[in-house]
Structures are given as C-alpha cells and as structure tokens.
Amino acid sequence: MFQPKPMTHLLIAASKEQMTSVVTELYRHRVFHITDFVDQGKEGYEGVRIGTPLEGAGDLSTNLLKIRSLENVFQTSPETLFDVPKRPVESIRQAIERELPAIEAEVNDLTVKRSNAESRIRDSEQHIAELRPFALVPLEMDLYRGYDSITAIAGYIGSDVTIAVPHEKYYAARKDGNFIVVFVEKQHATEVERTLSDADFQSVTIPNETGSVQAAVDKYTADQTQAKAAFAEANAKISELKAKYADLLAACDEVLSGDVERAEAPLRFATTEEAFVIDGWVPADHIEPITAGLSQATGGSVYVTVDDGDVDATAIPVEYNNPSFAKPSELFMDVYARPRYNEIDPTLILAIMFPIFFGLIVGDVGYGIIFLILALFVRKMAMFRGEGGKNLVKILVGASISTIFFGILYSECLGYALPWHAVMFQRHLAIGADAAHATGPDAIPLLIMSVWFGIIYITVGRIFGMINHYRMDHAGKHRTKAIIGQFGWIAILWGLLILVWSFFSVEQMFGISGMMPDLTNSPLIAPGLSVSALAGLILLVLGCIFLAQENVLDLMEIPTIISHVLSFCRIAAVGLSSVAIAMVVNYLSFGMFIDPALANLDAVGVIMIIVGVLIFICGHALNVGLGLLGGGLHSIRLHYVEFFTKFYVGGGIKYNPFGLKRKFSEE
C-alpha cells in the first residue's frame, strides 16, 4: 500500500532468428519494461553492439510520417479525439494500403491550393499597402519613372522641408506619417536625400505600376478577394476531409506507431552476430505468463532468467500500487516526483488528506455544490478528457464532496448559517445587524486542531524518514547517523511540546478543555521544574545531541520545527477568511442594497436591487475562485513543503511497459 508494485529483473536471450517472435510476444503482453542497452565499449562487452531495426522499419516510419503530416494539416491528433469507435487492426492496415495514398494526394492538392491562395493574399496586401500612400499624390504611376535626367524620391518624413535645388514636391500630412514625393535632377539627388534625412526621412520603394493608383488598388483588391475565396474553399474542403477521415487517421497513427515501436525495439537490445539479449523489468505477478508466452512463441528457443543480483534501486522502474480511489492523486505525486522503488510512497496519505484539508478550509455547502457542478461540467471539455484531466476532475469531485460534508458540520451555505447549529466548529463572524448578539467564530479551537495536524504530520514524516534511510542507505555508520538524526528531530519536537504543556494550560488561558494535554499540575521536583518539564527538557537535549551527531549545522534549523507546525494554522486562517468574504458579500448585497430597497420599493430601489444582485453574484464568484485556488494550493503545499521534505526523495523511473495501450484499434 505504501510501496510501489513489486518488480522482477528479467534477462531474455535468444538467437536473432527469434527476434521478431520475441518482440511480438513482449509487445502483446504489454508488461515488460525495457532497459535500454548503452554501448559504452566496456571490457567484456567486445562484439556486443546496439541492435538494428527489424525489416520494414523504414517503410513503416515513412507511412507514419505521412499520417502525422495529414493530422497536422487537419489540426488533430490521437490525444484530442475521444469516444471514437474502435476499428479492427486488419481493416486499418487495409485502409493504410488502399485509402491513404488517395487521401494524401487529395489533401496535398488542397494544401497547395491553400498555400497559393495565402501567398496571393499576402502579395495583394503588400501591393495595396505600398500603393496606399501614393493615392495622396495627384499623379499616375507611369509618371514616376522613365526619365533620363530626373529621379523620383518618395517616403515618410517627420515634417515638410525646404529644398534648395530646382524640384517638384508633393507633400501630404497624415496621422500615420507624413508622406512626401520629390522629383529632382539626378545630379542633385544626393544633396536632396541628405536634406530629407535631416528631417527623419524614411524612403519607400515606388511600385512598378501603370495608370492611376486607384485602378492598381482595385486590381489587387479584386485579386485578394478571389484569393480569399479560393482559400476559404480549400479550407472548407479540408474541414470536410477532416470530419470524414480524422478518426481513421487516428487509428492508422495508433497502429503504425505500434508497428514502428516494435520494428525499432532492437535499437534498445544488446546484440552480437548471432544472438541478442533484452534487459528489463516485469511486475512480479506476470513472470509466469510472459515466460510461458515467450517459450510458446519461439518453440522453446529462448532463455529467460530472473536476475537476483544487486541492482541500484534508482534503476528500477516504479509503478504505483494504490487502491482505485487513490489513483487520481498519483497526478500530484508525478508533479512533485515519482517515488523511488525502495522508498515509502505517500500517495495514499495525500489521497485521503488532500480532500479533508480542502473541505476543512472551504467548508461550505453552497461552494461545494458549485465545485461539484464545475467538475461535472469541465469533464466534458477536451482538455480534461485525457488521463491527467480525468484525474484532476476526480480530485475536484472528491474535494467538492468533502467541502459539502464539512459545510454541513460547520452549518454554512454561501456564508449563511444553516437551520442547525455547527456540529464541530462555529466559523460565522460577528458581521451585520446581528453582530452584537453573535458569539463569533471558534478561532482558537480551529487553530489548535490545525496545530495538531502539524504535529502529527511532522512526526509521521520523520518516522517515514527513518524508514527510508534504513531502506535506501547502505548499511553502515552513515545510515545509523541519519536514522538517529531523524529521531532527534522527533525528540526535539515532542520535547518542546511537553515543555510548553508543562508551563501553559490551554484550558486556563482560553477556557478550552480536552484539545491539548495539561501538564501544569504534574509533581514538582524543584521550584519551577516539574517532572513533565524535566522530561521535556531531557527529550530536547537528547534530540539536539542526536541531531548534532549527524551534522552540527542542522541545529540552526531547529526553529523550522515551530514554523512548519504553525504553517498548518493556514487551515483555520484561510477558512475563516473565506467565511468572512462570504459574509461581507451577503451584508453588502442584502443588508445595504436589497433589503432597504424592498422596504421602500421605487425606481431607485429597483436599481439598488440590481446592484445588490450583481454584488452577490460577483462577490461569491470571486470567493469561489479564491476558495478553489486557496483550498487547493494550501492543501497541496502542506504536503509538498511541510510533509514531503521530512522524508521524501523521489526521482523514480516511470514504469513504461513495451506495448500499445489501444484507444482506436482492436485485434
């Protein structure tokens, strides 16, 4: 339950004649995780090389590239398609041979037409943009060229200028830039360009057109319209082909991807001239089926052995081994880091406690129902229909149910009190007209509860740390010191707690009994020093000694014990802030707008009601967003930062079995 699925190291060896049979059988079982062979030229590995792809791998890769190219044109992929009926593999292979060439030719033809139309659209737009400023000049385009001794200079300029040599000038002031055209003798061109450059002149190319500017613009506008029509037509036909063939292409992609993976599998094997060896891992409960399958596929011409030798645990692939309700939380674990094979997997704790923390923080029936509706709505969206998206929706559903549950216990719904008294903690604040009669929230009990979560989490984390050091470290002095150091942290924490409980009574300070031990009445052994205080002091000193024996500098980190425990107070603090926002929104919308307007309804009152309703909707929408963000982030942060850092290393290799998880095809 707190360990990954047990893995067994297998070595498979056979002659090269059996390679295709072995690859096909391994692929069919989809349980064998291949460890890639790396040719490092080590001693004893002379003549051992990485294998070469199976026959036909090149053709398969070519066909797969064609499929991917078509999918790229259609802007689709197997990951974006869902609820597609599965097709028999044989019919898919026939489609690849018979239908794919025709589809490819038709799509390529449409792609060329679309590209040509795009090019014409761009060219027309560029020509029109070049011609537009010349429309301000009362000249036809033929008159800008064809002279032996005169040249035309055109461009944008900051302001009008005075030109000292004989010339003809056309100047037009515009908001998007002043435009100027100067006709001057070629011998004075350099002097004029210098004069213009002093006024921030930017030259433009004079279009090679004839006739009036408007006629040229009309010509290119007509061409642009035709090109846009051609582009739209090609796009429409491509969309039709997408609707017709997208499912088939996804199935072809899946089948060909599997074929290519099989064909290129030898690139991961160690081979000689006559034989090959596959190194990999298989779940312990699949050894017999895969061994029997390989023996049958090769007629007994294969050697399969379990390698019991010592293997670095970091090289063992990790497959989670959690109950079904905890599997969605594996998403959070992978975001942080997948556990190593020989360390404790805290997924189950995260799966149980994340929704509980979320519910404790938000704890409102109304918000919980909104979260649940939101989860049921987004699960139909494409971005949430993949495996990760589905897990995220399941986590949100669990958090929503927890929010509703704790909302019932808190007696809260959209900031209002439900008809019954709070079962566990009162969180309603003294806000509004009833503030004088309100008792206020049970802030201290909520904080004490949060602190207890911190104490338990830090303690369990350190115990897990001791277990992980025992499992993951090599036997010796270093492992012993690490385990003692972890115990030292526990001793310091509980020593500090016992000292605090020996001198301070929660019942005497806050009038709350039963939530914290009261050791203030323990027997005295000296003035000001009780038995419990001495025990706490001894624990604290021993903890410091145990901690220092591993690393003296760790003593500087002792204050983090307090900060990490108190960090759990965010469960109470963030939850109370959410209640406060909800109650303020209710008071603003009803207490200040809707209720006074209903008492004296008139035209102004109607406007006040509308404003009050808007405040209510927008305020609670904002609080729903803050609750979703705050409840989620703070709940996961308490695990990532305050809990995992005490024991968790992570960095495990993801178990990736050789084989195809079929989505669009079936044997």
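Note: Cβ is positioned from N, Cα and C throughout, glycine not excepted.
Look at TrEMBL and you will find 93-127, 224-251 tagged as coiled coil. Per TrEMBL, transmembrane segment is recorded for 348-379, 391-410, 443-464, 484-504, 524-548, 568-594, 606-629.
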Top partner of the transmembrane segment (443-464) among 391-410, 484-504, 524-548, 568-594, 606-629 - counted as Cβ pairs under 8 Å: 568-594
Positions whose Cβ lies under 8 angstroms from the transmembrane segment (348-379), at least six residues beyond its ends: 1-2, 322-323, 325-326, 328-329, 332-333, 385, 389-390, 393, 395-410, 412-415, 418, 427, 453, 460, 570-571, 574-575, 578-579, 582, 620, 623-624, 627-628, 630-632, 634-636, 638-639, 643
Sequence-remote partners of the coiled coil (224-251) [C-beta within less than 8 Å, at least six residues beyond its ends]: 67, 70-71, 73-78, 81, 84-87, 92, 95, 99, 103, 106-107, 110-111, 113-114, 116-118, 120-121, 124-125, 128, 663-665
Recorded stretch that, among 391-410, 484-504, 568-594, has the most CB pairs under 8 Å to the transmembrane segment (606-629): 568-594
Long-range Cβ neighbours of the transmembrane segment (484-504) (under 8 Å; 6 or more residues past either end): 455, 458-459, 462-463, 465-466, 469, 516-520, 522, 530, 532-533, 535-551, 554, 558, 561-562, 565, 646-647
Chain residues in Cβ proximity to the coiled coil (93-127) (below 8 Å; excluding those fewer than six residues from its ends, i.e. six or more beyond): 63, 66-67, 70, 73, 207, 216, 220-221, 223-224, 226-228, 230-231, 233-235, 237-238, 241, 245, 248-249, 251-252, 255-256
